[in-house]
Structures are given as C-alpha cells and as structure tokens.
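A.B. asks: Got a structure here, written out as structure tokens. Questions coming.
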Amino acid sequence: MDLLTGLTTLAADVPDPAGLLPARQQMALSLGWHIVLACFGVAFPTMILVMHWRGVYRDDPLALVLARRWAKVSAVLFAIGAVSGTVLSFEMGLLWPGLMGRFGDVLGLPFAFEGVAFFLEAIFLGIYLYGWGRIPPRRHLLMLVPMALTGIAGTFSVLAVNGWMNNPTGFRIVDGEVTDVDPWAAMFNSGVLWQFLHMWVAAFMVAGFSVAAVYAAGMLRGRRDRHHRLGFTVPFAFASVAALLQPAIGHLLGSRLADTQPAKLAAFELATETESPSPLRLGGLLVDGEARWSIDIPYLGSLIARNSLTAPVQGLDTIPLDEQPPVNITHLAFQSMVGIGTALALLALVYWVARWRGHDLLRSETRGGTWLLRAAVAAGPLAVVALEAGWIATEVGRQPWVVYGVMRTTEAAGNASTALWWVLGASAVLYAAMTIGAVLVLRSMARRWREGDESLPSPYGPELEPAEELRR
Amino acid sequence: MSLEIAVAAALFTGVVAYSVLGGADFGSGFYDLTAGGTRRGAELRRQVDHSIGPVWEANHVWLIFVLVVWWTGFPSTFAAVATTLAVPLVLALVGIVLRGSAFAFRKYAATVAQARFFGVVFAVSSVVTPFFLGTVAGAIASGRVPTAGEGDPWASWTGTTSLVGGVVAVGTCAFLAGVFLVTDAARAGKAGLTAALRRRVLVVGLLTGAVVLAALVPLHDDAPMLWAGLTGRALPLVLLSFVAGLTTVVLVAVRRFGPARWSAVLAVASVVSGWGVAQYPWLLVDEVTLVQAAGAPATLQGLLVVVGLAAVLVLPALGYLLWLTQTEAWSGAPGAREVQK
C-alpha cells in the first residue's frame, strides 16, 4: 500500500482491480501524512510532562512557560492528527473492502483498544489544555500521565494490526472461508513486540529531534538564552536515548526476517542470490536482475541479518517473481532509514560525550558549536525522512501481499476507480491546505511568543470596547 | 441477550452518544455561521470556542469508536456500506477534516482576517457534515445498501429517506447546540447573548420539530420497513422524543435553561434510538440482519471486553471532563478567574 508499488506490481495473470492504484496512492498520502503527527501524539505528552514537572517541582517558571507553549503547539498538532486518523478509519472500508470484509473480525480487536486509548488521550488533552490556572498545579500535571500511557497503548494497538499483516495468525482458511478466528492470537502475533518498540522509539526520535531543531535554529540566530537551551536540551535528551536504542531494536526486529519474510530481507539486502557468507550491500540498484553500483562489505550481511559469520541471506532467485516486492524501492528505503538512523545516533553520541568532557557546545560560539547546531537543525527533518523510509521499507517490502502469504493487495482493493481518482485529487488539495494552515498558525504562534505575547489575543474579532460591553 | 445483540447495542450506544455529544459540537457551527460580522459575532463565536473547545476532540472519538466496532463486529456490512455510500461518506469526511483543523487553526490564527477564513471553513463544514452522515443513516434505513456492496453510488443516498435523514440531522444538531450554548451564556451572565441565542433556539427547535413530523409522511412509501417500525415497536420512543422536544422549547421559552439541556438530550437520544429500534433486527434493512452480519464469536467476546474496559476507564474520565466544564472556574461564571485565553 504505497505510492510506488502500484506502478511495479508483478501479478500478471489476474487483471488488477480498477481501484488498486488510486487506493494505494490514497493510502500512501494519508498514512504517510498521519504517521508524522501520530509521532507527536505519542511522544510529545511525555516531553511536556518532564518540562512541566520541572516547572512545578523545581520551581522553574521558565520550564512552565515552555510546557504551556508546547501544550498549545500540541493542541494544533493533535487536532489535525485526530482528523487525519479519522480519514484512515473511513479509508479502511472505502479503499480495502476486500480486506475489511473478510478479515475485519480477525484484525479489528486491536483497533478497538486503540479507540479506547485515543479516547482517553483526547479527554485528558482537553482537561490538560484548558486546565491551566483552573486545576491545582500538581493535579494538573498528573493529567499528562494518562496521555503518556495511552500513547504507548495506542502505538501497541496499531502496530499489532501491522504486525498481524506481516505475521498473520489467529485464523484458518477452510474451503476459502475464514474460520476459527482467535482475535487475541491475531493481536499478540509474533511480530508485534519488536515492531511496537521500533515505532514507539521512532516516535520519540521524530518528536524529540523536531522540537530540538526549532530551538537549535533559534540559537543559530544568536538567541542563546536559557529559554532556548532548556527548550533544546529536554527534547534532545529524549531523542538521544531513542536514537541510541533504535539500532539495537531494529536489529532484533530485522533478524526475524530471515525466518518470517525472506523476500523482504532479500530486498533489504539486495541479495540477488543466496551467498554464504552474505555481504552487506551499501547503495546500489537492481538492474535486469543484477545488483549494480553497490559497495559490498564481506561477512557483514550475514552478521547483521542472521547474527552469524556464515549463515546465508536467502536470495531473490529462490522467490517466485510474482511474490517479490519492488526490490529497488524497498532496498533504498531500508538503507535510507538505517543510514539516517546511524547518523542521528552518532550526533547524539558526539553531543553528550563532548558535554560530559566539559565542552558544552550550546554555550560555545566556536565553529564546532555552530556545526553541531546546524546538524541538530537538520536532525529534525532527517528523523521524519527516516520514519517515512522505514515505513516504506516495511510496507513495500511486504508486497505483493496485504496479509503476508494469505491475501494479495490486489484482492483487498475494490472496483471503483474513477471516483477514487477524484478522491485522491481532492485529498491532495486538502492535505496541502491542512499543511499550509498548520505551518501558518505555528509560525505565527512562534513569532508572537518571540515578541513577548504570552496569551495570544482573541482571534474572534476586535475586542469589544468596555462601553460596548456594558451596553449588552 | 445474544452476543451479537450485545455488541450491536454497544455499537448503537456509540451512535447515540455521537449524535448527542458530537451533534452538539457540530450544531454550534450553525450559530457560528449565522453570528454576523466580525465585531457583532465576536461574543457568540467566543462562546462557541469556550463551550466546545475542551470537549470537541473527545466527542469526536465516538465516531471512531462506532467505525471500529462496526468493522470488527460486522465486517462484511462495513465493506458494503463503505463501497456503496462512498460519496456521502467522503463528503462527510472532508467536512470532518476541514472542521477539526479549521477550529484549531482559528483559535491560534495570526490575524483577524485569517481567523475569519478559518471560522467560515469551520462553520460551513460543521453544518454540511451532519447532513451527509444523516443521508448515510437514511440510505441504510431505507434498504438501499446491497449486501455485496458497490450499490448505486448516487441513487443509494439521494432517496427521500436519505434527504430527510440529512435535514433532520442538521436540525437536531443545531437545536441541541443552541440549548447548550444558551445555557452556558446564561450561566456566564451574558444577558445580551443569552437573549439572542434564546430567540434562535426557539426558531430552530420549532422548525426542526415540524420537519421531523412532516418527514414521517414520505417515509411511509420510501422506507416501509422503517415506517412500520416507527409506528409500531418504536412508537413510544417517537412519542417520547416529541414530548421531550416540546418540553425543551417550553423550558427555553421560560428561561429554565438548566433542565432544558436534559430534555433536549432526551429528545435527540430518543429520536435516534427510535430509528435503531424501528430498524431492528436488520443491520442493512431488507438485506442482512444483525445476527447474520456478525463476525466471529471470539471477536464479539473480545469486543465486549473492550467495551467493558471503556466503561471502566473512559466514562469516568469523560464524566470528569464534562463536570469540569460545568464548574465555575471553567464556565466563565461571573467572578471566576479567567486565565486561559
């Protein structure tokens, strides 16, 4: 279900349903957009919690100011995240009737749990946002705790569905009918734990690096006050822990692939044929069935994918052509994710080691400090790119299956096509408008805060004159 | 009660809750739209923001709850409805997206011009969305969704019952919202706003009541199944709705706003429940019954576990939020500290 696989689908014998290509594009657009906001929904409350806690318990008014501003930012992000999530709920039926009609009762339960988690998050967000100055400070702070916890529960639930699509279980197919449905087995499938951890940690990388990048940019423009240092340090610390954990989690997740999804692994590694030991191929493309232009590092492929110096990575030649994912997209997306992830982990390491050795790069106006800040600014968008690349790698790598080994994506799509193309066009406009609106509003918030306007003026028209108010 | 019926009851509870709580949110868009120019409408718009700001996000989740329980509990009918009624669903969806984002954007807009733009988007989409959701309900109730899905993309939702469903949805949302808004305005001591809102609520209430009554007539031919149910099994609910609606109008007229809220909720909840009871036991009228459409028993049990969990976790939290919005500090009562802008 992605932007590009539709162009390279390999199933030749059965004609694709007319709704397949627009459905894939539509899903790619809406999910690719939503996933970034979902990261903020999951990770931002925890970061605000730490900042707010500092303000309340260490009596730090500056931290309180930051927590309150972040809360206002999260209100905007949460609102557009919620509506784009609703889009996805509708789309499950609009775009993939074949999947939902047949497997709705197998995969649906985790969605129901996600519904509960999201409900709680929305309720406590409302309480928290409107609770400033109206709820006793310590209780107000506590309202963030359920939000942080529901972020975990919600991530687990959504990834349970994706884990199931990659490792389907909890049902049998007898004479073409789905039977013996066990939704709990489907929910706690073998892939869910590592996929969940990978995504949850990624959310902290995206939100942490993005927020830190904003303050890093401010410091590059000379605003090196305590406000900016604090606003940088807290999210950067979250992002650093996440970035350093992520390679280990990713490795454990990836090492399952040799057993569960050899075609995806072969595409990740650009393994055209089974080699023992397998090299690690950096870069490169598959051209006419051959890997070209890659830099091969011997042994490392086996070591990374199989935890062994000799075990082979199963090659694409062992997989029927109509069961191979689009290899180049999968390979490049996977490598982009790993490459950027590694760079981000190094950035975190460099910053904290230097700081531990007495070089606080945020205080120094030296070239080293400037370069580090520039890297920190780039880290925000790069974390988003890595997120999208990772998502493309796992989703495109699963093709041509929507439910791995059970149902092809072609069987999940419907037959409407003209309508779906119109919907896609309209969605592109809508999402572009939403993006512009969000950027516009967030920038105006930042500008007014810089000018010292803490409580934003009412946007509902000119304030009434006192006399006028009396007359009413 | 069988497993299928228990899950269907939970699903329908979600529909009723969304009609009442989400409906009140959507309806406030009607007053926002008709509030007048920037200066004249400022007080009312501020009241709309104040009243629904803390709750709209939570109220919106009922819709997601309904969708998720539907596709999990009755998967094939969800696919059938989604493919047949794609047009009104997509239009409602566009409305939901524009409304939610524009509401958030307006609150933090940079200039009055921007706020006006976002405000118009918010208000228009608030009125349009319930209409299309209402047509979806009407299409299902009049038996226009085939079991196999991919029914007629236009005729399926442009029948009399659908259009009536849309108009009734818009009217009930506006009526509910008006009662809530006028109560909030009265409690905050805004006399001028209260008087203006009161007049409008009375007009909207009487109009909506007339439409609902008049709408029953064409249903006889267009949706005989539904008609039989509404005049048979569901008749007590229809009458209850009528009495509660009338009571609300009287209470608003005599400025007893507090109790009017409860009778307004009762009126809307009973009219929506009336539809559900009248349609029973069909899920897609004349096509599939609830029992036939149900998914695997293990999944239905699982869903009941989730519903139980939601009852334990969500309802108290939601109750706390709704209670907070009624407290002095939050409602903007005279003398209360107003810190958050």
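FYI, residue positions are counted from 1 along the chain as it appears here.
Including glycine, each Cβ sits where the backbone N, Cα and C put it.
Note: TrEMBL annotation is automatic and uncurated.
Copied straight from TrEMBL:
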type	residues	note
REGION	A:452-472	region 'Disordered'
TRANSMEM	A:31-53	transmembrane segment
TRANSMEM	A:73-96	transmembrane segment
TRANSMEM	A:108-129	transmembrane segment
TRANSMEM	A:141-161	transmembrane segment
TRANSMEM	A:197-218	transmembrane segment
TRANSMEM	A:230-249	transmembrane segment
TRANSMEM	A:332-354	transmembrane segment
TRANSMEM	A:375-394	transmembrane segment
TRANSMEM	A:419-442	transmembrane segment
A.B. asks: Are there 3 or more C-beta pairs under 8 Å linking the transmembrane segment (A:108-129) with the transmembrane segment (A:141-161), counting only pairs at least 6 apart in sequence?
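C.D. replies: In this chain the transmembrane segment (A:141-161) contacts the transmembrane segment (A:108-129) - 3 or more Cβ pairs sit under 8 Å.
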A.B. asks: At least three Cβ pairs under 8 Å linking the transmembrane segment (A:375-394) and the transmembrane segment (A:73-96), pairs spaced 6 or more in sequence?
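C.D. replies: They are not in contact.
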A.B. asks: Run the contact check on the transmembrane segment (A:31-53) against the transmembrane segment (A:332-354): 3 or more C-beta pairs under 8 Å, excluding pairs closer than 6 in sequence.
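C.D. replies: Between the transmembrane segment (A:332-354) and the transmembrane segment (A:31-53), which are separate recorded stretches, there is no contact, as judged by 3 or more close Cβ pairs.
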A.B. asks: Are there residues at least six beyond either end of the transmembrane segment (A:419-442) with Cβ under 8 Å to its Cβ atoms? List them, or say none.
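C.D. replies: Contacts of the transmembrane segment (A:419-442) (Cβ under 8 Å, skipping residues fewer than 6 from its ends): 19, 22-23, 25-26, 29-30, 33, 73, 76-77, 80, 84, 87, 94-95.
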